[in-house]
Amino acid sequence: FPCVFQAILIFCWVYVRKYQSRRESEVISTITAIFALAVALISSALLPVDIFLVSYMKHQNGTFKDWADANVSRQIEDTVLYGYYTLYSIILFCVFLWIPFVYFYYEEKEEDDGNTCSQVKTALKYTLGFITICAVLLLIGAFVPLDIPSKKNSTEWEKVKLLFEEFGSSHGLTALSFSISSLTVIGMLAAITYTAYGMSALPLNLIKGTTSAAYERLENTEDIEEVEQHLLRIKSKCRDGRPLSSRDRRTVKQLEERLRTLRRRERHLESIEKSWWTKFCEAIRPLKIVWGVFFIIVALLFTVSLFLSNLDKALHSAGFDSGFIILGTNLTNPLNMLLPVLQTVFPLDYILITTIVMYFIFTSMAGIRNMGIWFFWIRLYKIRRGKTRPQALLFLCMILLLIVLHTSYMIYSLAPQYVMYGSQKYLVQVRSVVATYNQLGNVFRSLLLLFAFLLDQCIVTRTYLFLHKFWFFSAAYYFGNWAFIAVFLIGLTVSCCKGKKSVIEGEVDEDDSDMSDDELSVYYR
């Protein structure tokens, strides 16, 4: 585990340093971004570990291992639960306190280079709103009972007493679950926006590649000559001393800005054409195509499995009031078929789950990098190599934290029984029942597995307990899955219709200063 943590921290440091602006970098924002990104990646590893632990306690014949008695299994369950408590509490701390404070502190620092005390006070004032939202969510989750009292004539004191009894018996699990589920809904919206697009854009960009730097330089040179000639034609009107019209002056200003942008492009293209990194990328071009084909196959497998799982819920679940929860698997999807096969060879099933989780994370990064950070139709920030502002990095890490929370439910949607129980098997004592069991449908088998859980024959993952405390969140996730599929198909269509990306896609914009050329030159030498 220490080696894994070190690898995660090194990756986060390299990733943040790769994209952050050299001119605007700040120590506190860099540390915050690295820490938040590391928490997101570590949290994504909770699901495979949780599934492995509940599966490891039982033999293949359904009996518990000698060391896994009631006390030991309870200790393991509590340890995993405390792990969720810790990481999810850190996520709440990052989303509602640390990241907002650093963001507003840096915003105030840009506007006013005065004393630090004033900047801290202003940042705390704005952060207080986020803290209030977090407190409200925790209170709602803690004191809204899931079970309505059966006594209609119960007094107000008895109702309040019931609330505190439920809060004490759950050890705060319901409060934390409600807060995390609320953030997961926001993460679902982020996944629909960024991850669905990234799953289509990343593979196709790898397959299609980028345009040649030499060809782009040739086109850029022609554009420069055309703009210069246009400028000369306009300026020739005032050779006899006559002033230019207001329309011509506006045109000249626009053409001069366009010319500056084209000359910056020229410098960037020249630097890229001579760099060793470009030559290396050209050498591994076949490998990129192979990875692109692999990623698009995984994306299609993921989408088809999600579609069949959602269709199964639409046809066989108890409906909206139950959160579209389904007991069995009536429509088998590819992933649900593959996991039981891989269970026979340890640890292939855990490798597959881990791969899917990491694929989800990296496609999310690709989606955010390609689209930038938006608020509805307003583009707030761009994610560009060596030129990303600290505020944009903080937003990126917060979005990834929210997407990671939604990842667990996405995996549950694909393989619900596996996420609940892993590879556990259970014993049925009567032989006639065993014979009948093999002839029964999936729904009844799931009922038997549910009864086995109630009888302590199977141990449910802690992930499932966090995911299904509130039915209305499950209903929201169900509709979110349909939206995810739709956005993926739209993104796939758009990515197929688009041509090759420019070799300096998004690196040069009209609002960049000439000083920004020095930042990018670090990567292309």
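Glycine is treated like the rest: Cβ placed from N, Cα and C.
Lifted from TrEMBL, the feature list:
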TRANSMEM  27-47  transmembrane segment
TRANSMEM  82-106  transmembrane segment
TRANSMEM  126-146  transmembrane segment
TRANSMEM  173-197  transmembrane segment
COILED    245-272  coiled coil
TRANSMEM  289-308  transmembrane segment
TRANSMEM  350-380  transmembrane segment
TRANSMEM  392-415  transmembrane segment
TRANSMEM  475-494  transmembrane segment
Spatial neighbours of the transmembrane segment (173-197) far in sequence, C-beta under 8 Å, 6+ residues away: 81, 85, 88-89, 91-92, 95, 134, 137-142, 144, 146, 166-167, 360, 363-364, 367-368, 370-371, 374, 399, 401-407, 409-410, 465-467, 469-470, 473, 476-477, 480, 483-485, 487-488, 491
Result, the transmembrane segment (392-415) in contact with the transmembrane segment (27-47) (3+ CB pairs under 8 Å): yes
Sequence-remote partners of the transmembrane segment (350-380) [C-beta within less than 8 Å, at least six residues beyond its ends]: 15, 19, 40-41, 44-45, 47-48, 51-52, 190-191, 193-199, 201-202, 205, 295, 298-299, 302, 335, 338-339, 342, 392, 395-396, 399-400, 403-404, 407, 410-411, 414
Mean predicted confidence [pLDDT] for the coiled coil (245-272): 82
